[in-house]
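Input: a single structure, listed below in structure tokens.
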Amino acid sequence: MTPQAKLIFITSLLLGSTITISSNHWIMAWAGLEINTLAILPLISKSHHPRAVEAATKYFLTQATASALVLFSSMTNAWHTGQWDITQLTHPTSCLILTSAIAMKLGLVPFHFWFPEVLQGSPLTTGLLLSTIMKFPPITLLFMTSPSLNQTLLTGMAILSAALGGWMGLNQTQIRKILAFSSISHLGWMAIIISYAPKLTLLNFYLYALMTSTVFLALNSIKTLKLSTLMTTWTKTPTLSAMLFLTLLSLAGLPPLTGFLPKWLIIQELTKQDMIAAATTISILSLLSLFFYLRLAYCATITLPPHTTNHMKQWRINNPTPIMIAILTTSSTMLLPISPMISTVI
């Protein structure tokens, strides 16, 4: 792909996201989502590998269906209430259809089936875009319509997402699929709190995007896609592998790392809302995710030679770690002390 084409697609991606985030009218939000979808498709299929083309096709079909549902939901609401404003979504049927559409856009259970397959067929850099920037417009729509949506339905989908995201990631050996199931699990944490404290959902999303970007960029830097090759990276880049280890533990939500902050605040808010059963369930289900994060962390740093991998040892290169990865890894592991400041803002 030529640099000019790549520039056009990236610009279109940012434009589509900006239109959806800043719009008040449903048609403008829908147009932004469509621009986003069309801009990311060439980036998914740029390698022309059959798996990449298959991923792009699956992504297109799912996102087109979700966009059609968004349009149908907004039209039904406008038909009954005369309102095209995003925040004025009041009709129950429209709310139900919109919840399904946004769940499909994000990859929430039971509409999660496309996400691991698409991520597996995409390059790491495109996978990073799919896991972070592409999820931001649907999250903002969910944020704006959250007072109208069915809280019980969202809680049920959230707990199922945390369960399936953790459970289905246990047996994976492909790192991109593990990160896809990790994303589904994190979306469960975001969806469970959206009706009660929408700002906490956004905080969780920002910190998740920060930590996932760190993991994707680190893996892209050491050119690793499978657990078996991850075992050989310690000899190549020991410092980066050590930071990757800490970032993965942060993504799992272990104190005293950054990832513990949103989970702590969400459990606190759920307890305040008398949802102790839901808080306990989702906390226990996050242990499933912890297992595969520990597995990744173990493969990245603790499997030192001699071990029984069939891969050839990689040369140790003294290239400096890119400054962007250094900043992101620091932020992904050391932001917990600022939590009192964040809690006063929220």
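Cβ coordinates are placed from backbone N, Cα and C, and glycine is handled just like the others.
Here's what TrEMBL has on this protein:
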type     : residues : note
DOMAIN   : 23-289   : domain 'NADH:quinone oxidoreductase/Mrp antiporter transmembrane'
DOMAIN   : 290-342  : domain 'NADH dehydrogenase subunit 2 C-terminal'
TRANSMEM : 56-76    : transmembrane segment
TRANSMEM : 96-115   : transmembrane segment
TRANSMEM : 152-171  : transmembrane segment
TRANSMEM : 178-197  : transmembrane segment
TRANSMEM : 203-222  : transmembrane segment
TRANSMEM : 234-255  : transmembrane segment
TRANSMEM : 275-294  : transmembrane segment
TRANSMEM : 322-342  : transmembrane segment
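The transmembrane segment (203-222) shares more Cβ pairs under 8 Å with 322-342 than with any other stretch in the list 56-76, 96-115, 152-171, 178-197, 322-342. Same-chain residues lying 6 or more positions outside the transmembrane segment (178-197) and placing a CB less than 8 Å from one of its CB atoms are 106-109, 112, 115-116, 119-120, 127, 131, 135, 139, 142-143, 146-147, 149, 151, 154-155, 157-166, 168-169, 172, 204-205, 208, 212, 215-216, 251, 262-263, 266, 269-270, 273, 278, 282, 285-286, 288-289, 292-293, 296, 346.
Highest Cβ contact count with the transmembrane segment (56-76) among the listed stretches 96-115, 152-171, 322-342 falls to 96-115 (criterion: pairs under 8 Å).
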